[in-house]
Amino acid sequence: MADHSHHVEIDKVTGTATTGHEWDGIKELNTPLPRWWIWTFYATIIWSIGYFIVYPAWPMVNGYTRGLFGYSSRAELDVDLAKLDQVRGEKMQALATASLEEIEKNPALLALARAKGKVVFGDNCAPCHGSGAAGGKGYPNLNDDDWLWGGTLEQIEKTIKFGARSGHDDGHMGNMLAFGKDGVLTKEQIVEVANYVRSLSGLSTRPGVDLAAGKQVFADNCVACHGDDAKGNQELGAPNLTDRIWLYGSDEATIIDTVTNGRAGVMPAWIGRLDPTTIKAMAVYVHSLGGGK
Amino acid sequence: MNKPLRATDLQPDDDGPLYTAQKKIYPQSVTGPFRRIKWILMAVCLGIYYFLPFVRWNRGLGAPDQAVLIDLANNRFYFFAIELWPQEIYYFTGLLIVAAIVLFLMNSLGGRVWCGYLCPQTVWTDLFYAVERFVEGDRRERMRKAGEGFKLQRAAELALKHSIWLMIAWWTGGAWVLYFADAPTLIKELVTFDAPMVAYIWIGILTFTTYTLAGFMREQVCVYMCPWPRIQAALTDEWALNVTYKYDRGEKRSSLKKAAQLRALGEPVGDCVDCNQCVAVCPTGIDIRNGPQLDCIQCGLCIDACDNVMKKIGRPTRLIGYDNDINIHRRMEGKPEIFKPIRARTVIYTVIIVAIGGAMLYKLANRTLLDVNVLHDRNPVAVRLSDGSVRNGYTVRFLNKRGFDRVVAIDVEGPPNAVIHVVGSDSITPDRPMIILGRDTTTELRVLVDSNSADDTPQSVPVTFHVTDIGLGEVASTKDVFVTP
Ligand code: SF4
Ligand code: SF4
């Protein structure tokens, strides 16, 4: 058993005093830590008390101690965010005052507009046009060079602002009529005109279909919007039928469907939902995707 | 001597307590070749550390002219003619690996030599001891003064010692921050209190650590805090040369007089006269005669001390010297000593050092000052244009590591009839866009490549971007693919 009397027991092997504690025949030696270690511990304890007092630390029933300086990490974050806003504010000011062309000519502003535009595009436009603006059936690909309503910076900005068939007074108007449903053209005429427009962009046509008849149907019904040369009309959003880009698809069945039932896709107006600077940034971003005129 | 001696035989049964409260150490001054080497190395190391920031290096207009500068704000590292970019951080990795292996090599040749001669802790502690000795006197005097009570002269001495220490410590912290900014400018700012807060904080931290580590912690850092002794103990092999007490020659210890008597009688007697000089000079306060110890930093001062004694009593020097147990045993068996600096591990370490160092030098020598990286658009990967041709979009990053603006032309090679556009730049040469790269910067641009491939089948062909400096003719290239939907 350990010796609990007052005299200090010295361990024979090491010559060190023991603490008197013994367990399973093993005695604990009294080997204190170096002094400097102990003082370091004391210093940290004293430090922690000061810390408790100076900073918010102690939980209470309804709240916590606020500390001497009233420090709060949330307030610090607010300050940082305010600073960020200020920094951005100056750049955004430049973005707001520069014209679309000026933005695109200025590498720093272009980078800023593209960065901002990409984020806003992702939030607002990607559901229809896709995150990379590649579009889909009925949703134009904004990377290519074919534009229903025009691909200049101003035209793109206008389309974003007011939309197409959006109900906004300044929005683009113009529908593809439902020639079949409304009984204007017969099924046969529709097949003929469908094959005719396919031939315009160099696509194969169904054998036995009278392309001359289709051309006549086109001349009688379609030129008003798509033009004599079928190159379309951006005032009306009428697509160019001679190129390789087809919004709804270029196969015969799809074209027959288009002519029979008409098309009227809607692009919403963003003015009022997004501020003008944001719309500007988005126009520059879309223009710089590659298709812009 | 019938039974061969072993290092462990030297330790008496009762080796004293496992742990004793830290004893204050009063190393005595010593002269000799190892001390001289240490003074020289100290002067060289401290000289480099304290004055390197003031060395100038002309890099042309607008570039910093400090020979060694870590420019954190602009992410540049300057080392004389070398300017490193963050992309080239692998040079530092390589340097660290080489440094580690050099340490291993030193260790396999001479044990803990790094600790004894080059470690900053040793260098600064040595300097602080020199100050202490200068102000308070040598070992005996310091020990006597420590035992005395308070006296005015003593207080003045202590005040002087601590102020010199603090000045050295403060200069140490000050020199540190000078590596991170233009030194003369920063000094001016420091004096007028215009320097950034972080500079003052770092000076404060390093002043404090230098003062406490070199003035008070001293050998305790080497014994308790530093991980290297433990690592090096595992790395050392039996051939490594360590500061060794040659007990084959030293034992039995006896006084000079007694040794002479015993020798006259033809009794075996060692050369050690038990004068304790080796212990008195030891900065870690150990007795090397107890055999190799983790606490020994291999500074060689005990060698100098003992050699001085041996010279005085007319015995051969190097009773303590760089040696190993193998040779002790060989001598005891009457065989000649052997030294094997060329061993498997030293060869391997050298090969690694040469290989990595060589690779880094090669890379450095062939470093390009114009670079281009490219990233293909992922969504959409390819776009069909109205005329049927195909367009791919890329984000291209240009790196101009030269100290002046330059005009580069971008060419693309691979897809048939490739045409290249740079978004946001109206080039005067439409089919060969030219752009200006600012000096010492990266420029990121969106680049579109059109190809009127006659083939409509989905495919991907290799595409190479060439960036040509119009003035210098320097060319950088990078590869990617061109995809047809
Ligand atoms: S034993 Fe000798 S070599 Fe080792 S630390 Fe002491 S003086 Fe230096
Ligand atoms: S200095 Fe040399 S002689 Fe003196 S005690 Fe040390 S080993 Fe022995």
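Glycine residues also receive a Cβ, built from the backbone N, Cα and C atoms like all the rest.
TrEMBL annotations: computationally assigned, not manually curated.
Pulled from TrEMBL, these are the features on record:
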TRANSMEM  A:36-58  transmembrane segment
DOMAIN    A:112-201  domain 'Cytochrome c'
BINDING   A:CYS125, A:CYS128, A:HIS129, A:MET267  heme c 1 binding site
BINDING   A:MET176, A:CYS222, A:CYS225, A:HIS226  heme c 2 binding site
DOMAIN    A:209-290  domain 'Cytochrome c'
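This view paints the features noted in TrEMBL onto the structure.
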residue: A:CYS125; record: heme c 1 binding site; DSSP class: coil
residue: A:MET176; record: heme c 2 binding site; DSSP class: strand
residue: A:CYS222; record: heme c 2 binding site; DSSP class: coil
residue: A:MET267; record: heme c 1 binding site; DSSP class: strand
Compute the C-alpha separation of A:CYS222 (heme c 2 binding site) from A:MET267 (heme c 1 binding site), stating it in Å without decimals.
23
Given A:CYS125 (heme c 1 binding site) and A:MET176 (heme c 2 binding site), what distance in Å do their CA atoms have, once rounded to a whole number?
23
Residues from the same chain, set at least six apart from the ends of the transmembrane segment (A:36-58), whose C-beta lies under 8 A from its own:
64-69, 71-72
Extra residues within 8 Å (Cβ to Cβ centroid of A:MET176, A:CYS222, A:CYS225, A:HIS226), heme c 2:
A:LEU177, A:ASN221, A:VAL223, A:ALA224, A:GLY232, A:LEU236, A:ALA238, A:LEU241
For A:CYS128 (heme c 1 binding site): intrachain residues, at least 6 apart, with Cβ closer than 8 Å:
A:GLY135, A:GLY136, A:TYR139, A:MET267
Using the Cβ center of A:CYS125, A:CYS128, A:HIS129, A:MET267 as the heme c 1 site position, which other residues in that chain lie within 8 Å, going by their Cβ?
A:ASN124, A:ALA126, A:PRO127, A:GLY135, A:TYR139, A:PRO140
Nearest of the binding-site residues (A:MET176, A:CYS225, A:HIS226) to A:HIS129 (heme c 1 binding site) - Cα to Cα:
A:MET176
Relative to the Cβ of A:HIS226 (heme c 2 binding site), which residues of the same chain, six or more apart in sequence, are found under 8 Å away?
A:PHE218, A:GLY232, A:ASN233, A:ALA238, A:PRO239, A:ASN240, A:LEU241
Determine how many residues of the domain 'Cytochrome c' (A:112-201) DSSP places in helix, in strand and in coil.
41 helix, 5 strand, 44 coil
How far apart, in angstrom, are the most distant Cα atoms among the heme c 2-binding residues A:MET176, A:CYS222, A:CYS225, A:HIS226?
10
Ranking the binding-site residues A:CYS125, A:CYS222, A:CYS225, A:MET267 by other Cβ atoms within 10 Å, which is at the bottom?
A:CYS225
Distance in Å spanning the most remote Cα pair of A:CYS125, A:CYS128, A:HIS129, A:MET267, given for heme c 1:
10
Local Cβ density at A:MET176 (heme c 2 binding site) - other Cβ atoms counted within 10 Å:
20
